[in-house]
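Let me begin by presenting the structure, written as structure tokens, before commenting on it.
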């Protein structure tokens, strides 16, 4: 009997792979290229589908063996540690070495002469890994109520409805305000505040729980499509009524925009399952599965590669053809870096864990370090 969606690796692998063209455009494209080029139009559509990464995160959570509050808390701090380490690597290292583009500092409405303040600002940026880490803490806190899929759904809908109403609320104390920004900030020191973006993770968890209960792929797909179309339709209607309120700011969207994007990304998940069923086994699928199984490392490496590339290509300086060539180059380069990283880590583990360790001890430690 199946206990997980066999297509999950495919959808997760493709979602993290598609981040490379998106991030290349975000960091390298001129405003004209982003808005009006064919690649820019494609990536803007792609951007609407990247939250499937969060939905899959929620689905995957259902099939994880480590779901106790203690396990969730440990995982949360690991993810947060990786997230802030990534900020240091992709922003602070270029700042310290002097190749951080000044126009990127200005784009963040910062003063390039305030070096220490800029280091702190970029180190504390809230991105997807911060969202994932704090969401795990939230799920640890509500461990018992979230055993019911309906409580998960209700929590998701509450977050969606309230997100715009509480957006930007602060009390005037810098440290407290930072964590309030993580919760529901409306500035660009936090790109993915928990209100509304945690709703994608919780919706993923909700549909994952439905599948685990039914344990029937065909029946699950019908349910998934029903929820997806309902949310997409309702969200689309709300956006039609008041677009500026519901979808005026992609990173700080309202209820309508969130519902529409959740519905759209559930359809992406649905389509991914359909496609995965017909894909022949081979090197392409192996590559996608490899990216999926190393999703966090892949995410970190592609971001460092792209941001360090600003040393050569600057920020918001390139046009369509150059960016397309970089995307083609960066995809295999990221896979190569991932392969080399895994080889080095394996060699270190092989050196540290000598033959004195039992096979069971080594296997257990190896899994915990993944």
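Including glycine, each Cβ sits where the backbone N, Cα and C put it.
Model, not experiment: these values are computed from the prediction.
Database features, via TrEMBL:
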| type | residues | note |
| --- | --- | --- |
| DOMAIN | 4-222 | domain 'Heparan-alpha-glucosaminide N-acetyltransferase catalytic' |
| TRANSMEM | 12-30 | transmembrane segment |
| TRANSMEM | 42-64 | transmembrane segment |
| TRANSMEM | 76-100 | transmembrane segment |
| TRANSMEM | 120-143 | transmembrane segment |
| TRANSMEM | 150-171 | transmembrane segment |
| TRANSMEM | 191-212 | transmembrane segment |
| TRANSMEM | 224-243 | transmembrane segment |
| TRANSMEM | 255-278 | transmembrane segment |
| TRANSMEM | 298-316 | transmembrane segment |
| TRANSMEM | 322-341 | transmembrane segment |
Tertiary contacts of the transmembrane segment (120-143), as residues 6+ beyond its ends and Cβ separation under 8 Å:
53-54, 57, 61, 67-69, 72-73, 75-80, 82-84, 86-88, 91-92, 95, 108, 110, 151, 155, 178, 181-182, 185, 189-194, 197-198, 201, 205, 296, 299
Are there three or more C-beta pairs under 8 angstroms joining the transmembrane segment (12-30) and the transmembrane segment (42-64), sequence spacing 6 or more?
yes
Could you pull out which residues elsewhere in the chain have a CB under 8 Å from any CB of the transmembrane segment (298-316), counting only those six or more residues past its ends?
16-17, 19-20, 23-24, 27-31, 82, 85-86, 89-91, 93-94, 99-101, 103-104, 107, 128-129, 291, 322, 326, 330, 333-334, 337-338, 341
Folded-back contacts onto the transmembrane segment (150-171), same chain, C-beta under 8 angstroms, at least six residues removed:
142, 177, 180-181, 183-187, 193-196, 198-199, 202-203, 205-206, 209, 245-246, 252-255, 258-259, 262
Using a cut-off of under 8 Å between C-beta atoms, tell me which stretch among 12-30, 76-100, 255-278 contacts the transmembrane segment (322-341) the most.
12-30
Over the span of the domain 'Heparan-alpha-glucosaminide N-acetyltransferase catalytic' (4-222), how high is the average pLDDT in this prediction?
94
Non-local residues, at least 6 beyond the ends, that sit with Cβ under 8 Å of the transmembrane segment (255-278):
5-7, 10-11, 14, 48-49, 51-52, 54-56, 59, 160-161, 163-164, 196, 199-200, 203-204, 207, 217, 221, 224-225, 227-239, 241-242, 245-247
